[in-house]
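Novice: According to TrEMBL:
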DOMAIN    A:57-403  domain 'Amidohydrolase-related'
BINDING   A:H65, A:H67, A:H213, A:D302  Zn(2+) binding site
BINDING   A:E94, A:H186, A:E216, A:D302  substrate binding site
There are 2 protein chains.
Amino acid sequence: MNEIFNAQRSVLIAGVTIDGSTVDIAIDETGMIAGIGEDARKAIDADIVIDGSDRLAVPGMVNTHTHAAMTLLRGYGDDMLLQDWLSQKIWPLEAHLTGDDVYWGTKLACLEMIRSGTVAFNDMYFFMDRAAQAVDETGMRATFAYGFIDLGMEEKREAEIKATEALVAHVKSLGNPRIQAAVGPHSVYTVSPEGLAWCGEYAKEQEIGIHVHLSETEKEVVDCVAQFGKRPAVLLDECGCLTPRTVAAHCCWLDEAECRLLGERGVSASHNPASNMKLAVNRAMPYHWLKASGANVCLGTDGCASNNNLDMLEEMKFAALLQKFAWNSPTLLPAGEALAMATSAGARALGTGPGTLTVGAPADIVLLDARAVCNTPLFHADSNTVYACNGGAVMTVLCGGRVLMHEREVPGAEEIVREAAATARSLVGRTETTS
Amino acid sequence: MNEIFNAQRSVLIAGVTIDGSTVDIAIDETGMIAGIGEDARKAIDADIVIDGSDRLAVPGMVNTHTHAAMTLLRGYGDDMLLQDWLSQKIWPLEAHLTGDDVYWGTKLACLEMIRSGTVAFNDMYFFMDRAAQAVDETGMRATFAYGFIDLGMEEKREAEIKATEALVAHVKSLGNPRIQAAVGPHSVYTVSPEGLAWCGEYAKEQEIGIHVHLSETEKEVVDCVAQFGKRPAVLLDECGCLTPRTVAAHCCWLDEAECRLLGERGVSASHNPASNMKLAVNRAMPYHWLKASGANVCLGTDGCASNNNLDMLEEMKFAALLQKFAWNSPTLLPAGEALAMATSAGARALGTGPGTLTVGAPADIVLLDARAVCNTPLFHADSNTVYACNGGAVMTVLCGGRVLMHEREVPGAEEIVREAAATARSLVGRTETTS
């Protein structure tokens, strides 16, 4: 069976169910969908045939905001006040973080994402060259941003500029079309306007994306208004950071005018409902305003330290239920829209294609178990996918036509779990010995 | 392997991890835990030995509010206004419901619960003799209440009294110590004070529990105050329905005085966070007040029509995150408390034992995969169980010493999925033909 994994070959998914119809999906040797339908198998001479019976095909999930290597910190600190959690748990650990830690943390994250149907993610962290190495080995897609934090200090800003430039150059040198670089100004409360303006300008010059945290907490808004006399989205816009290639994470405390601004600029707004609930940010993203504005609302899990998993199927349920609860409307964010947030909107945010099962699109495809209990009965596939199933219903994952998981087998999974667990123990051991 | 399933034999779980220690768990032929520790294996002469390496043992989950047979309605109607959903989707289907439907719906629910680590549930619905038959076959524990609804009409009340008495007599006649009856006054808005008073009196006389919906929506409270001049919990109390054997589901709109009343009466309050969010009830259970009052706060999924699954591991995460978000406190309902809600508090609510892994307790035990990605790294098992894992991490389930699932195999699972799917199709076919 191993020969089917992670090789760029032509693939036929035979007799799979899409929207209630049984079809074939033909994937050519460049990893694109060459045909969908009864006669699709004629479009290619398939090297690999995957039996699609008892399987539902959906587009691969795109996780538009995470800190993948933080999967190593899963469960290290929970149920704490934000400032205590950061100062007592997260920052001491991150001070001891090495490139090897980031490599194994990212490998673990990729394994978890593949097992739950995610094919692409938008990452912001440190030692991103090692994170890129991990992704390069898995066959997933990812966009990497170095977390740019100058705290208003010119010297630090210069260092962050160098680190950003180095990452962008490194990613280009990889020549892996599935791996992109972005600029990662952390937020308006950690980056000066000068730093933000450099990020905006550099992203424009390099024709790459921007990944930024925006209006996660009320404090961020209040402090920004006090310091700069304007709200965070307005400040970002003045610094050239709101573009059609910008992914703004959280967006909880945006007001209606800021939502319109994001819509006008064509920004992607990444909803992170589980993290927002766990950290008690006290307001849910105003999805209705963002949707009305034309902004591209997509979905992300945030890092494992504040979620504590990377399961986009679970995250869709949190999104659809949180929106209904927080905005008091049981009709808000129905299942089909939640699935689109996690797939086509995510793909648009990262520029990885249409994120749909259509001829000419990259073959980023997830096969769900139609016989799973969560798919029984099967009245509406979207409803079951969003509300009843979790990542455990994902059986097979293809990214750009390469098979990353089949029948729940991911090559090398045992080694990744073993090494990541040992790496996490070692990191905590080093941290707690020196503190 | 089939000989290990659903037989009352002595069992040794060898070398399993509990709270970070490796121990044996010995279970005697009556289904009780006879020993836990290094020497526990000496306590019994084991018929069955289960390898506990790479497994974490936790108590079996107890789902304290559901309508199991509604699993047949999973995904039939979603994202609708409550009244539209009931009148256009749920009620027309329920009007065509047969005993066979309830049997297969409950079988499907039991399969789903076992696969996600639940050993006992508190059910309210119709055709409960057929539901009891389904549970009797699975080896789970359940408490059944006929949903008593008189709508203020004396004639209907007499019929509901007869139906309740018949169910209680039927459950007694089964002589299955794992199956209990309860009285099920649906709510203050569907049962007259006379009906409620009969239910309270009858439960007392029969020494059985009461299962009731309480303060799910603001409308329920407003209408109750308008009609009766008092809030719902006060009305239930005056009718003798608040007892230490009462499970009150939802409890979203209780005020602080009502929470104190539930505490004084020793009531169990079943939190149903996913259902409350999906139906946009606009207020989360006031957990902090109920906890302070001494009420027994437990956990339930509600029916699959409003959740849309029965996974108590997922429900724990919804509970812990909703409480933090809704009451603006990241320290509220930490992981350990969420796990206790789903286990010991649930067991107390249904009177099925302490719901803990202790000598002398019924052997209601779940083994989780310690090597699962969601348990990597494994800093705090409770945190991973509540925040990172879902029911897919459950490998083995014992209820009263009987093995209901082992290494994710449940005997008869394929037949249940096939028959339940066919039953659901048939039910919808009959409904849509006649409507």
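Placed from the backbone N, Cα and C atoms, the Cβ positions cover glycine too.
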Novice: For A:H67 (Zn(2+) binding site) and A:E216 (substrate binding site), what Cα-Cα distance in Å is obtained after rounding to a whole number?
Specialist: 15
Novice: Of A:E94, A:E216, A:D302, the binding-site residues given in the record, which has the fewest other CB atoms within 10 A of its CB?
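Specialist: Looking at the binding-site residues A:E94, A:E216, A:D302, the Cβ with the fewest others within 10 Å is that of A:E94.
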Novice: Find the shortest Cα-Cα separation between A:E94 (substrate binding site) and the binding-site residues A:H65, A:H213, A:D302, and name the residue that gives it.
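Specialist: Out of the listed candidates, the nearest Cα belongs to A:D302.
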Novice: What is the Cβ neighbour count of A:H213 (Zn(2+) binding site) at a 10 Å cut-off, with all protein chains included?
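Specialist: A count of 26.
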Novice: In sequence order, which same-chain residues at least six apart have a C-beta under 8 angstroms from A:H65 (Zn(2+) binding site)?
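Specialist: Spatial neighbours, sequence-distant, of A:H65 (Zn(2+) binding site): A:N122, A:M124, A:H211, A:V247, A:A249, A:H250, A:S270, A:N272, A:G300, A:T301, A:D302.
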Novice: Determine, to the nearest whole angstrom, how far the Cα atom of A:H186 (substrate binding site) is from the Cα atom of A:H213 (Zn(2+) binding site).
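Specialist: That separation, Cα to Cα, works out to 6 Å.
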Novice: Can you tell me how many other Cβ atoms are located within 10 Å of the Cβ belonging to A:H67 (Zn(2+) binding site)?
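Specialist: Summing over all protein chains shown, A:H67 (Zn(2+) binding site) has 22 other Cβ atoms within 10 Å.
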Novice: Please work out the mean pLDDT for the residues of the domain 'Amidohydrolase-related' (A:57-403).
Specialist: 97
Novice: Using the recorded Zn(2+) site (A:H65, A:H67, A:H213, A:D302) as reference, state which further residues of the same chain have their Cβ within 8 Å of the centre of those residues' Cβ atoms, listed in sequence order.
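Specialist: Here the nearby residues are A:T66, A:M124, A:A249, A:H250, A:S270, A:N272, A:S275, A:G300, A:G303.
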